[in-house]
Amino acid sequence: MSDPTPPRLQRVTVLGATGSIGMSTLDVLARHPDRFEAFALTAQIQVERLFELCLRFSPRFAVLVDSAAASDLRQRLKAAGSATEVLAGPGALVDVAAHPDSDAVMAAIVGAAGLAPALAAARAGKRVLLANKEALVLSGRLFMQAVVESGAELLPIDSEHNAVFQALPQGYARDPQRCGVRRVLLTASGGPFRERSIESLADVTPDEACAHPNWVMGRKISVDSATMMNKGLEVIEAHWLFAVPPEAIEVVVHPQSVIHSMVEYADGSVLAQLGNPDMRTPIAHALAYPERIDAGVRPLDLFEIGRLNFERPDFVRFPCLALAYDALREGGAAAAVLNAANEEAVAAFLERRVGFTRIPDIIAATLERARDLSVDCIEAILDADARAREVARSEILARQTTP
């Protein structure tokens, strides 16, 4: 009797392969060559790193958004004897995300640039591993509609939303009342300024804002954590992912970042997901779901941790969190405007053009000025994003620090 045919490897497209989430995804893939293979790897402009990844993982496709960088990569791979086909431009991101031969898509491109390929993967019915916040913040209704209509499988990668997903009943059909879900509790570390005097926040430097106490992250998301806008965006995401109203989503400051989030049920039970702060855990969970695989993560030692602390968020210290709740309640284009204004304000702060405490001021002023924008299709969403950025830039100029 012949041996059974081994199962086909799952083909994984990694959008944003050279970023933090992309590299962690490839780390997990490399640990399980018997289960997964890289189908397509994409990047914005990082030729050298993508070249190295192509030699290591031999994907069928490599995509660089920058055409000159793509030409450079194509020549280098050809000289190295690689069979990887190099594609260029934003349209190529959409093509590989929706490619019929790909099984799963890690959507890890940061910012509005990641929206179109993530939406394409959802419309193509893929298993979508969603790490791109903007897909839901900018286009929550549109994105979830695409998931439902295509039968795509949506698995959240943010550690908080992945924790909520794990604490919900398997097969949860976005019906909290039927499942007895009372509240979703999103944990937040509180960032580096949880205990710093409010008066001194105006003097915060970019390096201080990027020094997160628990997680290793990029500079933009580190600033978002310092302002707690990151948690505000996650509140909006949770609303769309789990169909929970804003008043049933509570943020809990938990400095140790051991409990990644919780779900409270009607019978009084609270289910929590715990683990060391390592993004490979939610990535491995989503790749193998409903099975469990090794992620290379150090086991959690509760005795080493000793105790867990919880606090209410301080909305005076963190006005960005309040702005996010307000945008979610307002609906329409408010969340898209919030996100665009935040990206522009954070970029200006990192360039030392505005102070740290100016970030929420710029966002609030942009929300006030950029109203009545449409978000009923992807073109309208991107237009609202662009118009909000124009307004935010004018608000930045009005507050810009003189050299």
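Every residue, even glycine, has its Cβ placed from backbone N, Cα and C.
Feature annotations, reproduced from Swiss-Prot:
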type	residues	note
BINDING	T18, G19, S20, I21, Q46, N132, E134, G218	NADPH binding site
BINDING	K133, S159, E160, S189, H212, S225, N230, K231, E234	1-deoxy-D-xylulose 5-phosphate binding site
BINDING	D158, E160, E234	Mn(2+) binding site
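Positions of the features from Swiss-Prot, shown on the structure.
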residue : record                                      : contacts (Cβ under 8 Å, 6+ apart)
T18     : NADPH binding site                          : A43, Q44, Q46, R49, L50, L53
G19     : NADPH binding site                          : A108, I109, V110, G218
I21     : NADPH binding site                          : M106, A108, A131, I157, M279, I283
K133    : 1-deoxy-D-xylulose 5-phosphate binding site : D158, L233, E234, E237, N339
E160    : 1-deoxy-D-xylulose 5-phosphate binding site : L186, T187, E234, A238, H260, S261
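When secondary structure is read from DSSP and collapsed to three states, K133 (1-deoxy-D-xylulose 5-phosphate binding site) falls in the coil class. In the three-state DSSP assignment, the secondary structure recorded for S20 (NADPH binding site) is helix. When the alpha carbons of N230 (1-deoxy-D-xylulose 5-phosphate binding site) and E134 (NADPH binding site) are compared, the span between them is 11 angstrom. The highest number of surrounding Cβ atoms within 10 Å, among the binding-site residues E134, D158, E234, is found at E234. With the fewest other C-beta atoms within 10 Å around its C-beta, S20 stands out among the binding-site residues S20, N132, N230. D158 (Mn(2+) binding site) carries neither a helix nor a strand DSSP state and counts as coil. Taking the centroid of the Cβ atoms of D158, E160, E234 as the Mn(2+) site, the other same-chain residues with Cβ within 8 Å of it are P156, S159, H161, N162, L186, N230, K231, E237, A238, S261.
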